[in-house]
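Trainee: The structure under discussion is supplied below as structure tokens; questions concerning it will follow.
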Amino acid sequence: MTTHAAAPSTRVLIVDDSAAARAMFKVIVESDPALQVMAAVPDAFAAARAMRTELPDVILLDLELPGMDGLTFLRKIMQQHPIPVVVCSSHVGAGTEAMVSALELGAREVISKPAARNDLERQEASIRICDAIRAATETTRRRSQPEPRPLAPGPKLTADEILPARPPRPVPETMPVVCIGASTGGTEALRDVLTALPASAPPIVIVQHMPRGFTAAFARRLDSLCAIEVLEAEDEMQVMPGRAIIAQGDRHLLLRRRNQGYRVSVLDGAYVCRHRPSVDVLFRSAAQEAGGNALGVIMTGMGDDGARCMAEMRAAGAETIAQNEESCVVYGMPREAVAHGGVGKVEPLDRLAARIMEFGRRHTERTVR
């Protein structure tokens with residue numbers, strides 16, 4: 001009889017100065033049969049001692065540590081042992097600059113510590129943390145997407161919770177608008193795309209899965225690097241050429257048509273595809289409000305957020321592009337969008353900015369004829 005060895009568990013090193021947080025993370029990590037806690041330690045020095053005998057597959061790191069702060073520890077890890085790191089921090093406000101710095105130093109993901117108020121929120125937070133850990137290992141293994149999660153989560157809500165579906169309707173010619181969705185690996189990928197755009201770029205609206213309180217710092221950092229203006233979304237903010245609007249963390253972002261132009265709506269509401277903001281919500285609003293005036297772009301990320309409603313965009317006449325597998329950190333969301341029939345073209349990351357500009361020129365030429 002042939003026997004098969006069980007797949008090796010992903011070993012996680014938890015580094016957090018709070019005993020309560022370490023205990024919480026230990027329970028969360030061990031709720032996933034594919035993950036195991038290698039050690040849970042209170043500071044960077046204890047983490048270094050643990051790593052002398054065994055290297056973890058992923059480090060779950062808080063930024064606020066005694067002795068050596070989390071950013072210094074992260075910098076040393078990347079210099080000595082480039083192990084995937086997921087930063088899980090309660091930082092908001094001014095501390096989010098440190099979270100942006102963590103990404104620039106090489107952290108694979110930055111997520112918020114859970115502040116769950118009920119069983120459903122605790123379950124959703126647990127799933128997001130385990131997903132981030134699993135996705136971090138995938139960035140090293142370069143597989144197309146992690147295996148389906150063995151947990152049994154509650155029902156995954158669709159965009160219907162925020163914006164009801166409706167059959168495609170004719171939409172008048174307006175200015176062009178680009179809608180982008182990204183998740184794991186998206187912060188670096190978005191920087192590559194946006195910094196390659198000239199100030200004359202068409203209007204851009206973005207959902208990047210991020211924690212609450214983090215997107216303002218992310219937008220400021222991008223704005224300092226780009227020829228275009230990059231802003232965190234505010235309700236009724238005008239969508240205009242040379243401007244990219246990034247969804248607030250923990251709030252949905254919708255596109256709204258106003259005469260020949262667009263504004264954005266910022267909404268609370270249920271998690272959609274286990275995310276808030278959700279790419280599906282943005283893409284559905286683009287299908288309904290912009291139709292053939294829109295370009296949808298789905299980029300690196302784990303899961304299927306955006307896949308269903310990118311197909312709605314395409315059915316409504318929009319052009320659609322997925323980032324190719326080779327240039328994705330995690331080829332999850334683009335793969336699912338292709339599987340749902342929503343993708344017109346597949347392009348590498350370094351071609352996306354050019355494709356955005358080509359779309360803007362084609363649309364302008366079409367409308368002036």
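Backbone N, Cα and C define each Cβ position, glycine as well.
Take a look at what Swiss-Prot says about it:
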{"type": "ACT_SITE", "residues": "SER183", "note": "active site"}
{"type": "ACT_SITE", "residues": "HIS209", "note": "active site"}
{"type": "ACT_SITE", "residues": "ASP305", "note": "active site"}
{"type": "DOMAIN", "residues": "11-128", "note": "domain 'Response regulatory'"}
{"type": "DOMAIN", "residues": "170-358", "note": "domain 'CheB-type methylesterase'"}
{"type": "MOD_RES", "residues": "ASP62", "note": "4-aspartylphosphate"}
{"type": "REGION", "residues": "136-168", "note": "region 'Disordered'"}
Trainee: Provide the three-state DSSP residue tally for the domain 'Response regulatory' (11-128): helix first, then strand, then coil.
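Mentor: Taking each residue of the domain 'Response regulatory' (11-128) in turn, the totals are 56 helix, 25 strand, 37 coil.
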Trainee: Between SER183 (active site) and ASP305 (active site), how far is it from one CA atom to the other, in Å?
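Mentor: So the alpha carbons of SER183 (active site) and ASP305 (active site) sit roughly 9 Å from each other.
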Trainee: Given the recorded positions ASP62, ASP305, which one has the fewest other C-beta atoms within 10 angstroms of its C-beta?
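Mentor: Output over recorded positions ASP62, ASP305: least Cβ neighbours within 10 Å is ASP62.
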Trainee: Test of understanding: give the count of other CB atoms lying within 10 angstroms of the CB of SER183 (active site).
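Mentor: Excluding its own Cβ, the number within 10 Å is 29.
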Trainee: Rounded to the nearest angstrom, how far is the Cα of HIS209 (active site) from the Cα of ASP305 (active site)?
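Mentor: Cα of ASP305 (active site) to Cα of HIS209 (active site) measures 10 Å after rounding.
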Trainee: Counting only residues 6+ away in sequence within the same chain, which have a CB under 8 Å from the CB of HIS209 (active site)?
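Mentor: HIS209 (active site) has long-range Cβ partners ALA182, SER183, THR184, GLY186, HIS275, PRO277, GLY301, ASP305.
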